[in-house]
């Protein structure tokens, strides 16, 4: 029986090549997009699952407030991990990780800048699964001056993975011996490291204070342990250890700290949740977003539904052609079950063929998709056992879903009626098809509006006045250079005619982890007057280099000693401190000595120094003539014109001033634009998905319009003989479909408006949802539909009416 079903299905497929090609193409497109998105989702959900004990590993997350402003941290107090291991029998082990920052590394020749270094406790091998290729994991990070490197790093520096006991020179002459070589970490890890360095060598580890939240701390719980029960005992731990620390270093108690509205909160976060669910701003690697996973999963489902509805529409539209076949089969004894089986077999054949085409499509499109999604998804995953079974099961499910209604609908035709040529009398012919067309185009229009809105917000971000001039500002990375070298480099470079201004500073107006404190207006000390303010150490050239605007007062004056006790604040800080005219006023940070008191000499206009998702917060610019430990880069405002020549001069000056260190730079506008890379990728993916959705919907519309034109051939011939013009006939055939597309716009509009508002709520500064967005979506969908239907309508209208009537 099955062989007969398949044989008939193949014959039907070959006999109706046009219909078959449309159905196959729309299903294949839907499955291709679905497979690409499922590869992306599977990759996002696989993070950190390669660790053998992943289900027992948790990171300690913190919420900390010292100045009435709660900060969410991925770090924990320095001694907390060891304390939990000692005092909590449920904790089997603990490990701390910390970013090593930018490093200069060399074996021979010139140093290479490396960004993927981590400080780690020696217990890192007991908690995480890090396969060791050479060396003793228990001793690898115990000895001073040791370093653990990955296999690819060993090949990079020594051209062989056998790098045990070789040496590498770090930064300014620090020699380390390779004590172990480990396998490269998979891409699906929330932390990446080419180098592991002993954490016990760091100053923060030696200080080991409860108030220091420097390192990421992970605990390995014993099997069967309830993490909630462990968390419940954190309060007692705080009273035992944090309270004495507060008394010793801050002259206060835990109870007094909480009474003032501040405090400490700690939670356990499952390791496998960190990549997608973390809301911390200081992760060891860029985090993903569960929102995007849900979004793209929903898009995959919607596009697959559009393709399935195409199948249903085209199958039921062809009912008149197959009515006589069904009638003959019933007269010859075929029961309804046999007919349902036949049509389901045809549906499964289409979906299996579509799957084969889709796998080929994925292999062709995967490099482009990887580029858009910033991934390295392997096609081989689709060939793994569980995925093969899931694909086959999913394909069969799609085939059954797509084929059930047409199967039962077509098998319901009465034998006598269809044999006598009355198939058209079968009830329910048009209502469902119209509904599905509306639904298809509604989903497509939702994606079109989403695409337009994302691009509109990106354009708003790129064109909004930021309050500073990011163009023509070059930032030279100065890690590992001394402060004196940086100051000499800035002074020499500023003499070049292509340099308009220069500054040595700790922070630039792009998001990063920055320091801050609570500041008070003069004469107040109560916490209700405290304003949490970010503090940036700058030099007098900062305002000119960044193009900041002064609202009141003056800038720092070079060489003026009094300005070391002066401060510039932004408008937001002035408002929150309660000053309408803050110039000349004194603010303090709770320290009544002269050290904690600063006089406001100027107010800079508010400028964006965080993502536009955030409001502009209070900011304090403090001149630091020594810049001590707070400087990071030397920045220059370049004159328009010969930028390459100026960069060449800067490089020459750098190599003369800081020999042995690479000259590395970036433009500030590029760094700022990088903040919205995820939105740019989302916009590109949305554009692609919307294009596929509208293409699938139009393929269905093309097929439906073809069948409609075929069914109305006689009517067209008669109307033409009675004088109907071609435009009148095209309008007659097209208007019903265009009404459905317009109705789809009416249905999709409110949904798109609501979804767009929800997405824009993520931005403190955002564009509006103008009517032009919906106008463009409507014009685009109607235009594409008109082209699709108009082609078939024009073809039917131009046909010879005599031939049409003779065929009838």
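Glycine too: its Cβ is placed from the backbone N, Cα and C atoms.
Feature annotations, courtesy of TrEMBL:
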- 20-42: transmembrane segment (TRANSMEM)
- 20-236: domain 'MacB-like periplasmic core' (DOMAIN)
- 292-312: transmembrane segment (TRANSMEM)
- 299-412: domain 'ABC3 transporter permease C-terminal' (DOMAIN)
- 348-366: transmembrane segment (TRANSMEM)
- 387-410: transmembrane segment (TRANSMEM)
- 430-454: transmembrane segment (TRANSMEM)
- 503-647: domain 'MacB-like periplasmic core' (DOMAIN)
- 685-707: transmembrane segment (TRANSMEM)
- 688-799: domain 'ABC3 transporter permease C-terminal' (DOMAIN)
- 737-756: transmembrane segment (TRANSMEM)
- 768-794: transmembrane segment (TRANSMEM)
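Between the transmembrane segment (737-756) and the listed ranges 20-42, 292-312, 430-454, 685-707, the one holding the most Cβ pairs under 8 Å is 430-454.
Below 8 A, the CB atoms of the transmembrane segment (430-454) and the transmembrane segment (768-794) form 3+ pairs separated by six or more positions in the chain. The list of residues near the transmembrane segment (685-707) in space but at least 6 beyond its ends in sequence, with Cβ under 8 angstroms from a Cβ of it, reads 18-19, 22-23, 25-26, 29-30, 33, 296, 299, 302-303, 306-307, 309-310, 313-314, 317-318, 372-373, 433, 437, 440-441, 443-444, 447-448, 450-451, 454-455, 733-734, 737, 780-781, 784-785, 788-789, 791-793.
Counting residues 6+ beyond its ends, the transmembrane segment (348-366) has Cβ neighbours under 8 Å at 6, 9-10, 13, 20, 23-25, 27-32, 34-36, 39, 311, 377, 379, 382, 391, 395-396, 398-400, 402-403 in the same chain. Using DSSP to sort the residues of the domain 'MacB-like periplasmic core' (503-647) gives these counts of helix, strand and coil: 28 helix, 48 strand, 69 coil. Residue counts for the domain 'ABC3 transporter permease C-terminal' (688-799) under DSSP, helix first, then strand, then coil, are 95 helix, 0 strand, 17 coil.
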